[in-house]
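Participant: Sharing the features that Swiss-Prot gives for it:
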- GLY126, THR127, HIS128, GLY129, LYS130, THR131, THR132: ATP binding site (BINDING)
Amino acid sequence: MADATNPPLVYQVPEMRRIRRIHFVGIGGAGMSGIAEVLKNQGYDVSGSDIRDSAVTARLRAMDVDVYIGHRAENTDQADVVVVSSAVAGDNPEVVSARERRVPIVPRAEMLAEIMRYRHGIAVAGTHGKTTTTSLIASVLGEAGLDPTFVIGGKLNSAGTNAQLGGSRYLVAEADESDASFLHLTPVISVVTNIEADHMDTYGGDVEKLKQTFVDFLHNLPFYGVAVMCVDDDYVQEIIPRISRAIITYGIDNPDADYRAENITSDGLKTRFLVRRPGGRPDLQVELKMPGRHNVLNALATIAVATDEGVDDQAICRGLAGFAGVGRRFQVYGEYRTPKAAATLVDDYGHHPTEVEAVIRAAREAWPQRRIVMLYQPHRYTRTRDLYEDFVRVLSEVDGLLLMDVYSAGEPAIPGADGRALCRSIRQRGKVEPVFVEDNREIESLLANVLQDGDLLITQGAGDIGGVAARLAAAGVKASE
């Protein structure tokens, strides 16, 4: 971030009136923990609760945050405000206690909006690519010495955290469309990476309602704000005529994009490309340490934002080239060994068919000669049901497949939308022979039967499969150079 030998003056944000102690219900979540960390570093007394300990709760405790395991009414006794995520039920004992004592209960996004209120907010929305794009923007602004505050849905590897209080007026944050809570935010710059049918229970199954919600989000921009939009995406193109704010576009395929990538080449995990920019600005030759067309688009959004903010071209290129990635976003662990084979282990958070397809494509680009074996954990029964045929099609494109059962995220089971059903449908398609994982403790032995020497093993999904990847890494990985 900023030069430690010459630190900037810390940007002063007015305090929230009458608020001293802030309690988070579900503090271990990626979005909640980041906001809690920023508020703690702003000087507030922060507490929180979660159902289990984790690396996140341990980190918060090390920051002197009071973290309780289990939800109990007395946890909120000292709270002046209680922050909840959309996953927290109204009958949660801490929520009930706060309501009885007339303590304000606010959604996570409303607290993020309060943090953003007095800052120069940059919000990144979209079905896919939010975390990586937010991280890239934060890294480039940091490389330029602008020392932003950031709140990200994954761990920024270079910072070792998913949130950080910066010394400047800049705030970069993800904008969550899953529950439409991004409508609370009032940024100065809004990025829309793409729009796809996901979390459709929030939108009553109506794609038009989903698209209009993105329009409403962009109209939260002030008249001097700007929307940065990917015109390679069909739904994004459809809503552009409805937007009454300044718009900057980017893309690869659309020749009318303001920022356009050309001459894209891959070299292992590196991607190089040329960026055409509007207004007579010189082209940029860019290098990323990440494979995949989707990451080129994420970088284009970053370049558009940074250029509009007046960031020096060299700082843009340095920030992109030096970007060390985000936890669980095509995270290369190293070499995983079984008694008979050695495979490269990659872990990725993607859990939508488009995201899984992008990971497979990126892996093919980076390692074109290797077999791809995927260990996949579906996430949510509703998503599996709504996108069932897309999952069957995409998961049939790997060379070996192990399927875990659905990570429910609190949803009730839906007949015909589980891991076994997916396994049957993929087998009937006839392109790959899937193996259903009956018991997660059997994963290592199943992998020993499936993996061949030189394979690429990808652990994929948004549930607890990240813990499986870490377990495999600890048990059988020789660290990468």
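Every residue gets a Cβ built from N, Cα and C, even glycine.
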Participant: Sort out for me which one of HIS128, LYS130 has the most neighbouring CB atoms within 10 A, since those are the binding-site residues we care about.
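Facilitator: Most Cβ neighbours within 10 Å: LYS130.
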Participant: Report the member of THR127, THR131, THR132 (the binding-site residues) whose C-beta atom has the most other C-beta atoms within 10 angstroms.
Facilitator: THR132
Participant: Tell me the Cβ contacts of GLY126 (ATP binding site) under 8 Å, same chain only and six or more apart in sequence, or just say none.
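Facilitator: THR133, GLU177, VAL191, VAL192, THR193, ASN194, ILE195, CYS230 - these are the non-local Cβ neighbours of GLY126 (ATP binding site), listed in sequence order.
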Participant: Other than GLY126, THR127, HIS128, GLY129, LYS130, THR131, THR132 themselves, what residues in this chain have Cβ atoms within 8 Å of the centroid of the ATP site's Cβ atoms?
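Facilitator: Sorted by sequence, the hits are VAL124, THR133, THR193, ASN194, ASN298.
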Participant: Which ones in the same chain are close to GLY129 (ATP binding site), with CB under 8 Å and 6+ residues apart in sequence?
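Facilitator: THR193, ASN194, HIS294, LEU297, ASN298, ALA301 - these are the non-local Cβ neighbours of GLY129 (ATP binding site), listed in sequence order.
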Participant: Can you tell me whether DSSP puts HIS128 (ATP binding site) in helix, strand or coil?
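Facilitator: DSSP assigns HIS128 (ATP binding site) to coil.
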